[in-house]
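Here is the structure we will look at, set down as structure tokens.
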Amino acid sequence: MASPSLPGSDCSQIIDHSHVPEFEVATWIKITLILVYLIIFVMGLLGNSATIRVTQVLQKKGYLQKEVTDHMVSLACSDILVFLIGMPMEFYSIIWNPLTTSSYTLSCKLHTFLFEACSYATLLHVLTLSFERYIAICHPFRYKAVSGPCQVKLLIGFVWVTSALVALPLLFAMGTEYPLVNVPSHRGLTCNRSSTRHHEQPETSNMSICTNLSSRWTVFQSSIFGAFVVYLVVLLSVAFMCWNMMQVLMKSQKGSLAGGTRPPQLRKSESEESRTARRQTIIFLRLIVVTLAVCWMPNQIRRIMAAAKPKHDWTRSYFRAYMILLPFSETFFYLSSVINPLLYTVSSQQFRRVFVQVLCCRLSLQHANHEKRLRVHAHSTTDSARFVQRPLLFASRRQSSARRTEKIFLSTFQSEAEPQSKSQSLSLESLEPNSGAKPANSAAENGFQEHEV
């Protein structure tokens, strides 16, 4: 009969009422987190607010499509809401003063629901934005079906509705409660089921925390595990799409398409600007996957630990690991909302230049057609000057060749074109359904390119 000894050995390591005050972290951790959270809060609000302004400027100046602008603005708004809703309340109720009374149940429910919804809105925005770029790069003939204004609005609406549905169970499962209350439907350790050590709460009134309610344990578990499945699906889907986009970009850079032989008009040598745009896009794609994995995974692990078994069954080592992971997971999670503007600036020299101009309140960006008008005027002046020296046949051939030359790149993020840059051949962007109807200045000239990640 070895089984009776197991509960006794387990119960000797189980936390009890004396461990409840340890849900409040040490003072030096609080002070450190104040400084870290303050820096992250300012950087997050400033960076995402500037991102909204930058995308609006780039769209107005003809450097960025409206559909991509809508995706990026909605993503930045969800990040801002994560900071405004999540960080102040979470720092106060979880880090600074976690022990409270049961009168804060409503605020606990609302905060948890809104924070969860905004967090998963950010996650799903990364998915839809990656999907839109995946179709544009890997399946250009189908791009028009997902790139229209109505389709983009539907995708953004899908993101927010799905995020609210993912967070909805927490509205019922969360509240303020003494953390060691037994879960009625949970088959825990024998000592906890037979003993009254967890049934009797201390007489102190401020020993409740914002946590899952014992009467809604099954709902809480289903919500956390379901949200984790959503995270894994998004992570694997984004990784799959980014890997395929990188393959297409690298193969096109080497002179061959993924599905067959490259068309004759795509075999010409490409400029250094186009190759740089591809390298920047590949770096951007890799950083997206790394950010989702590194910044979100610690917080997901902590949530899984909270849902794996009720707190009255936690061992001391389990409880200690949870409390150590808590500040790190929260910090990395908020960093994920700060990184998005940094990814844009890293992968685009044009975005970085306008971003600095917005922060300095000194916008000097010209319209995308400005440089082209100057080049067209310069070419027409040169052609007029040389017309008297060359036969008409050569002049007409030169003008016809100039009209056929386009500058189209693969990356959404595009650097400014130089007047003396060599003419480039068509890329995968020319295969996009709506590219043929657009003038060269919208997709070919300065600024953000058609294929953004």
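The backbone N, Cα and C atoms fix where each Cβ goes, and this holds for glycine too.
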Review point. Swiss-Prot annotates one residue of Ser107, Ser396, Ser442 as phosphoserine; which residue is it?
Key: Ser396
Check your understanding: Under the annotation given by Swiss-Prot, are Cys138 and Ile14 positioned on the same side of the membrane?
Key -> no
Exercise for review: With reference to Swiss-Prot, specify which of the listed residues Cys77, Cys108, Cys360 is paired with Cys210 by a disulfide.
Suggested key: Cys108
**Study point:** Integer Å distance between the CA atoms belonging to His19 (Zn(2+) binding site) and Cys108 (disulfide bond)
**Key:** 22
Practice item. Sort out the sequence-distant neighbours of Asn212 (N-linked glycosylation site) for me: same chain, 6+ apart, CB within less than 8 Å of its CB, listed by position. Key: Ala173, Met174, Gly175, Phe220, Ala306, Ala307
Exercise for review: Check Cys210 (disulfide bond) against DSSP and tell me helix, strand or coil, would you?
Suggested key: strand
Check your understanding: Roughly how many angstrom lie between the C-alpha atoms of His17 (Zn(2+) binding site) and Cys11 (disulfide bond)?
Key -> 13
Review point. Between the transmembrane segment (284-305) and the transmembrane segment (110-131), are there three or more C-beta pairs closer than 8 Å, counting only pairs 6 or more apart along the chain?
Key: yes
Check your understanding: For Cys210 (disulfide bond) and His19 (Zn(2+) binding site), what Cα-Cα distance in Å is obtained after rounding to a whole number?
Key -> 16
**Study point:** Tertiary contacts of the transmembrane segment (70-89), as residues 6+ beyond its ends and Cβ separation under 8 Å
**Key:** 37, 40-41, 44-45, 48-49, 51-52, 55-56, 107, 111, 114-115, 118-119, 121-122, 125-126, 128-129, 132, 152-153, 155-156, 159, 334, 337, 340-341, 344
